[in-house]
Amino acid sequence: MVLIRVLANLLILQLSYAQKSSELVIGGVECDINEHRFLVALYELTSMTFLCGGTLINQEWVVTAAHCDRLQLYLYIGMHDKYVKFDDEQGREPIEKYFYNCSNNLTTRDKDIMLIRLDRPVDNSTHIAPLSLPSRPPSVGSVCRVMGWGAISPSRDVLPDVPHCVNINLVNNAECRRAYPRLPATSRTLCAGVMQGGIDSCNRDSGGPLICDGQFQGVVNWGGNPCAQPNMPALYTKVYDYNDWIRSITAGNTTAACPP
């Protein structure tokens, strides 16, 4: 598996300048090795192509974006450099996947969240620890941290070997709807960014966490193309609004697949 991953990643590196895909951190810096113990990397299993990020919320469950789903996935937990393996890095496959289908009033983008149950639990270690669900809703103006192995150029064609991190701000709904007029007023999404531009999540950051005031508040969803445009904050699935559903599924209430 490791040899396949190395060969596949070398091919991806050669092709990355010709590829364009889903979402990356613009204007950030390499994350500190110790600040992303919950960050998960999702790969397409057959080709071992890097797809998205995700967030470990306990020893056997990962939260990511629904649009990151593929027929066959492989997840790396405790990874930093794509080409340098930590001793405690762990790989897992999904055993179950769940999608939010609880309301016809929500758009597909509102429902852009997926729960993945790992085929076996992971162990906490130097580079692995889960991130709890939020205990309170986020506040407009909060300083938030977004991270991922996504594109680091607005044109989306440069992918890093290591995750990048950057601070952005939570934007109010009025500013968000000016940028995205078709966004419903009742949308279960968050807007975050820097209104001057130049800093943003980007392609292949999708599915990764938005952490505001120390709490896991968002899942990278989608944004402008090119990334990091002025007055175009990115959109994030609002995790707090899905707390009940997530807890229901992870507690074993999988038949309803909806909050009680």
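In case you wondered, yes, glycine gets a Cβ from its N, Cα and C as well.
Residues or ranges marked as signal peptide in Swiss-Prot: 1-18. For 25-251, the entry in Swiss-Prot reads domain 'Peptidase S1', with the evidence type sequence analysis. The annotation disulfide bond is assigned in Swiss-Prot to Cys31-Cys165, Cys52-Cys68, Cys102-Cys258, Cys144-Cys212, Cys176-Cys191, Cys202-Cys227. Here Swiss-Prot flags His67, Asp112, Ser206 as active site, charge relay system. According to Swiss-Prot, the N-linked glycosylation site annotation covers Asn101, Asn105, Asn124, Asn253.
Positions of Swiss-Prot features highlighted on the structure.
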{"residue": "Cys31", "record": "disulfide bond", "DSSP class": "coil"}
{"residue": "Cys52", "record": "disulfide bond", "DSSP class": "strand"}
{"residue": "Cys68", "record": "disulfide bond", "DSSP class": "helix"}
{"residue": "Asp112", "record": "active site, charge relay system", "DSSP class": "coil"}
{"residue": "Asn124", "record": "N-linked glycosylation site", "DSSP class": "coil"}
{"residue": "Cys144", "record": "disulfide bond", "DSSP class": "strand"}
{"residue": "Cys165", "record": "disulfide bond", "DSSP class": "strand"}
{"residue": "Cys176", "record": "disulfide bond", "DSSP class": "helix"}
{"residue": "Cys202", "record": "disulfide bond", "DSSP class": "coil"}
{"residue": "Cys258", "record": "disulfide bond", "DSSP class": "coil"}
>> Let's check the environment of Ser206 (active site, charge relay system): how many other CB atoms sit within 10 Å of its CB?
In response: 30
>> To the nearest Å, how far is the Cα of Cys202 (disulfide bond) from the Cα of Cys258 (disulfide bond)?
In response: 30
> Expressed to the nearest Å, what is the distance separating Cys176 (disulfide bond) and Ser206 (active site, charge relay system) at their Cα atoms?
Replying inline: 19
> Per 10 Å Cβ neighbour count, which of the disulfide-bonded residues Cys52, Cys68, Cys258 ranks highest?
Replying inline: Cys52
>> Comparing the disulfide-bonded residues Cys31, Cys165, Cys176, Cys191, Cys202, which residue's C-beta has the most other C-beta atoms within 10 angstroms in this structure?
In response: Cys202
> So, in DSSP terms, is Cys191 (disulfide bond) helix, strand, or coil?
Replying inline: strand
> What count of other C-beta atoms do you get within 10 angstroms of the C-beta of Asn101 (N-linked glycosylation site), across all chains shown?
Replying inline: 11
>> Please identify, among the recorded positions His67, Asn124, Cys227, the one with the smallest Cα-Cα distance to Cys144 (disulfide bond).
In response: Cys227
> What's the CA to CA span in angstrom from Cys31 (disulfide bond) over to Asn101 (N-linked glycosylation site)?
Replying inline: 34
>> Name the residue among the disulfide-bonded residues Cys102, Cys144, Cys212, Cys227 whose Cβ has the smallest number of other Cβ atoms within 10 Å.
In response: Cys102
> Measuring Cα to Cα, how many angstrom lie between Asn124 (N-linked glycosylation site) and Ser206 (active site, charge relay system)?
Replying inline: 24
